[in-house]
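Colleague: Have a look at the structure that comes next, please.
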Amino acid sequence: MLKMSRNEVLLYALVISAFLSISLFEGFVILTLLLVLYKILKERKIKGSLTPGILLYSLSTVLSTAIFYPKRFLKGIEEGLFQFIYFLNLKKEEVKGFSKIFPKLLLGISLILLPVVFYKFYKYGEPKPIWGGTFEVGFFYALFSITTFLLFFKERRFIYIPLFLLFLAVIFLSARRSMMLAFFVIFYLILFVLFKSKKLGKLAFWSVNFLIILSFIGGYVYLSQKDHRFKTLNDIILGKKELNYQNLNSISSGRLNLLLEGISIIKEDIENKRFINLLIGHGVRAGEYMPHRYGMTQHRYESIFIVSEFIERGILGLLGILYIYFMYFKKVLSFRIKREEDIYTYLLSVPLGLHLIQSVFTFFWDALLPLYLLLFKAFETLQDERKP
């Protein structure tokens with residue numbers, strides 16, 4: 001009988017529940033968090049390359065919400081403290097076994113979800129998974145696409161090619177531009193790592209590029225017929241519409257308005273010398289109680305993450321996020337695939353990478369962020385083990 005450690009059980013439970021039920025997932029996050037906090041209090045030490053960033057982000061989130069918007073304190077705990085599961089003390093043996101099963105687990109989940117996604121697309125006109133909406137399905141299938149590509153690269157089984165293209169089509173069906181951007185950036189980052197590792201020849205590189213570019217053109221043509229934002233962009237490119245504020249705001253889904261809202265809030269904080277707000281922000285969902293001069297009454301000032309996060313978490317929270325970005329790309333860009341199992345190791349870093357890119361025009365927090373951080377911790381554990 002296969003025996004698994006407690007940490008392995010938690011890893012599998014978190015991954016599987018992330019695709020089945022957000023409530024179940026959060027239950028496992030809370031359980032993991034309690035174990036982590038107990039361990040921290042007992043041993044009085046934490047480790048991981050993202051530690052400074054997570055501490056700044058989490059503490060500024062909890063403090064600002066407790067002080068300025070206590071009504072949302074529990075949300076502040078969720079967005080801040082839940083990220084502490086990154087500090088779970090993973091061991092090499094635990095992660096090594098998990099990393100080998102992780103790709104096939106994702107592949108199995110991707111196939112199970114497909115009937116659900118296509119049924120909801122047929123029934124409601126939008127592809128959706130078991131829980132969540134088009135954003136989640138876009139993220140899931142960006143991850144699944146990259147998984148099938150890496151599995152093809154390792155196993156050389158051609159069944160992965162049609163699956164890769166099918167999953168790529170689902171990303172375009174989601175019409176989530178942030179996820180399309182995230183997929184292409186992380187995919188080309190993978191090509192870079194493979195090339196620098198001398199695992200990808202010129203012919204293979206250009207063949208993959210041809211498939212991706214062809215898929216992109218097909219996806220763009222489809223979205224240009226179905227999505228008003230792409231239609232507006234095409235009209236501007238073709239000279240049918242002017243490049244003005246109204247059209248830019250339409251293309252950005254109202255984010256231009258929200259960007260101006262956010263900048264005005266920061267400007268007022270500076271003018272009125274609200275140093276605490278500048279330091280730790282106004283709390284999560286600050287848009288629910290703060291002014292909206294441009295008519296956008298959303299609960300968040302969702303535009304470019306630098307402005308969005310500055311308002312909710314201040315300069316400390318923003319610095320924490322920027323630190324996480326820096327350390328992620330530093331670790332990933334320096335990674336080299338020397339052995340076949342290194343492909344499994346690399347895949348553990350992909351979810352956080354996809355999230356970092358897609359969050360540039362939204363917010364850093366996501367319901368599944370604790371899992372992305374923990375998977376990156378697993379990546380670090382195996383990466384550090386390779387050092388002489």
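Even glycines carry a Cβ here, placed using N, Cα and C.
These figures come from a predicted structure and were not determined experimentally.
Copying in the features that Swiss-Prot gives for the protein in this structure:
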type	residues	note
TRANSMEM	15-37	transmembrane segment
TRANSMEM	97-119	transmembrane segment
TRANSMEM	129-151	transmembrane segment
TRANSMEM	158-175	transmembrane segment
TRANSMEM	179-196	transmembrane segment
TRANSMEM	203-225	transmembrane segment
TRANSMEM	304-326	transmembrane segment
TRANSMEM	347-369	transmembrane segment
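Give me the local environment of each listed feature.
Modeller: For the transmembrane segment (97-119), the list of distant contacts is 8, 11-12, 15-16, 19, 127-130, 137, 140-141, 143-144, 147-148, 150-151, 163, 166-167, 170, 341, 344-345, 347-348, 378, 382: same-chain residues at least six beyond its ends, Cβ to Cβ under 8 Å.
Sequence-distant contacts of the transmembrane segment (179-196) (same chain, at least 6 residues past either end, Cβ-Cβ under 8 Å): 135, 138-139, 142, 145-146, 149-150, 153, 168, 171-172, 205, 208, 212, 216, 219, 332-333, 335-337, 346, 350, 353-358, 360.
Among residues of the same chain six or more beyond the transmembrane segment (203-225), those with a C-beta under 8 A of the stretch's C-beta atoms are 149, 165, 168-169, 171-172, 175, 180, 184, 187, 191, 195, 231, 234.
When Cβ-Cβ distances below 8 Å are used as the criterion, the transmembrane segment (304-326) is approached by residues 50, 52-61, 64, 255, 258-259, 262-263, 265-266, 277-286, 290, 356, 359-364 of the same chain, each at least six residues removed from its ends.
Beyond its flanks by at least six residues, the transmembrane segment (347-369) meets 18, 22, 25-26, 57, 61, 79, 82-83, 95, 99, 102-103, 139, 142-143, 146-147, 150, 176, 178-179, 181-183, 185-186, 189-190, 255, 284, 300, 302-305, 308-309, 312, 321, 324-325, 328, 331-332, 335, 375-376, 378-379, 382 of its own chain at Cβ-Cβ distances under 8 Å.
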